[in-house]
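Everything below concerns the one structure shown next.
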Amino acid sequence: MSEQLLTASTPIDAAPLSDNTVQTTAPATSKINLLDLNRQQMREFFAEMGEKPFRADQVMKWMYHYCYDDFEQMTDINKGLRAKLQRVAEIRAPEVAEEQRSVDGTIKWAIKVGDQQVETVYIPEADRATLCVSSQVGCALECKFCSTAQQGFNRNLRVSEIIGQVWRAAKIIGSLKSTGTRPITNVVMMGMGEPLLNLNNVVPAMDIMMDDFGFGLSKRRVTLSTSGVVPALDKLGDMIDVALAISLHAPTDDIRDEIVPINRKYNIEMFLAAVRRYLDKSKANGGRVTVEYVMLDHINDSTEQAHQLAECLKDTPCKINLIPWNPFPGAPYGRSSNSRVDRFSKVLMEYGFTTIVRKTRGDDIDAACGQLAGEVIDRTKRTLKKKMAGEPIAIKTV
């Protein structure tokens, strides 16, 4: 596949795991939104109109290579087909409700999805530009250190609302090309939500990201991050091959049970076994997974816990990203000191692990890891009950 640059809370037990249902929120119009269709579906739609497959490919190229949303701009499409498309289809990406720019070049967009918002973040670096994309409105997993989780869960995003974030960002960044703004080179499913709880919408969206007539990214440049929905991770390996990152954040089950509650259902051993099964199928990961580990002061950052983490990961080929925790109002944690992060990192490197301390980006606009919140109508009964009862969060220190 050729690669191009992009220029132009439901309780855990109630959340869908292996049987992911496509989001069925009614669109605003009866026209088919072509952003909801991957290439196979586009060809089927065009066949129903009596058109050949290459016509679908032509339209996809205009949609994603040039970020066009007006059929009249597609000059190699005959007028009859353009008129037909105007009657039955549309290209409708989510709109930007608000934009914030960080001093470090990071851009955060609040993206309108129906009557709510999700957040999408553009992160430029010297050799790449990464787009962080949301998969759900809110999140069901209730990770205690994450701002999104505190909002509760509302709904899954449609394919058009996921790929539409990439489309909208690529269009904006394309308009800034003259200013030297770097085109998007990587996409990470690390925004709001747990991607594996929305597989039937996330997978087609990632398929479009990697399609030559879509955004044309290589599978090594599209990364899905998960907190450990084991049945869905096994299913993912049969559906698509992308780079994988795992939100581990603890070396032992007792700590992870508290800060990543899904661990009570799928513990670390089960999670890492599923990761190894995925790596056995995948060519996108170079044989190893990225382990994400947020550093919480005196919670999971002792040298003893670094040794425990090394032991825990000894059978799982990986590189480790240590992530300074990014605070949000009301959070019961503190960020690990540089000295504690340093000691933790050195222990892991002594065991031979490639270990990187992630540089915090966009924290002045609340765009850093764990700070995305959007605007969510909280429909999670359990979360609401906790808020009403003022239930404290139990924390262990080390």
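Along the chain as shown, the residues are counted starting at 1.
Note: Cβ is positioned from N, Cα and C throughout, glycine not excepted.
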Ask   = Which one, S160, S218, S225, S302, is listed by Swiss-Prot in the same S-adenosyl-L-methionine site as G193, E194, S247, L248, H249, N326?
value = S225
Request  = Could you measure the widest C-alpha to C-alpha distance across G193, E194, S225, S247, L248, H249, N326, the residues recorded as binding S-adenosyl-L-methionine, and give it to a whole number of angstrom?
outcome  = 19
Ask   = Taking DSSP three-state, what's E119 (active site, proton acceptor) in: helix, strand or coil?
value = strand
Remark   = As a whole number of Å, the Cα atom of S225 (S-adenosyl-L-methionine binding site) is distant from the Cα atom of C143 ([4Fe-4S] cluster binding site) by 14
Inquiry  = Near C146 ([4Fe-4S] cluster binding site) in space, meaning Cα within 10 angstroms, which of the recorded positions do we find among C132, S247, N326?
reply    = N326
Shortest C-alpha distance to E194 (S-adenosyl-L-methionine binding site) - which of the recorded positions E119, C132, C139 = C139
Inquiry  = Please list, in sequence order, the residues in the chain of G193 (S-adenosyl-L-methionine binding site) that are at least six apart in sequence and whose C-beta is under 8 Å away from its C-beta.
reply    = V118, S134, S135, Q136, V137, G138, C139, T148, N156, L157
Remark   = Cα nearest C143 ([4Fe-4S] cluster binding site) among recorded positions (C132, L248, N326) -> L248
